[in-house]
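Asker: Structure provided below as structure tokens; questions to follow.
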């Protein structure tokens, strides 16, 4: 009877497991870094939009024969349902990012990545959808503020509330980068799950 000459770890099962773990480590580190970056982006986007407020004096004509009254009018993020949705959605995505980063760090320390890989990937995909929906709503409202709507006779307001509009654009840009980071996390999860399935 001949004994097997296969070295330990090269029998096709253990070697494949070790190769999968070694290949998964760089993806795990990149994923954790991207997750931390997304957390920071969505947090800053929510804070910038949540603190967005500008008060300016607007001339208001009551009677054509009298000079216009100077009225102080405030533009605030809470005056728009699109911006409210933006702040709440980015705050929720930020909380999800923190929880998923914690789960990712704990599972990678215990080397049990597969148990949470699929739920986290599904969560990341949902966050992509949430972020892009709130970005679309906020950009629509922002474009209306920048250009107005001549058909409905809505005047543009960004020429009056310039700082307010600029801060809103910065918040939307940060959230857009956060959405792209989450999209990258989804792609990484697909690559990682594909490697494990081989």
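Note: Cβ is positioned from N, Cα and C throughout, glycine not excepted.
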Asker: Given 14-32, 33-51, which one carries TrEMBL's transmembrane segment label?
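Answerer: Comparing 14-32, 33-51 with TrEMBL, transmembrane segment matches 33-51.
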Asker: Select from 144-168, 169-193 the stretch of residues annotated by TrEMBL as transmembrane segment.
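Answerer: In TrEMBL, residues 169-193 carry the label transmembrane segment.
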Asker: Could you give the residue numbers and ranges of same-chain residues that sit at least 6 residues beyond the transmembrane segment (33-51) on either side and whose C-beta is under 8 angstroms from one of its C-beta atoms?
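Answerer: For the transmembrane segment (33-51), the far contacts come to 77, 83, 86-87, 90-91, 93-94, 97-98, 100-101, 104, 131, 138, 167-168, 170-172, 174-175, 177-178, 181-182, 184-185, 188.
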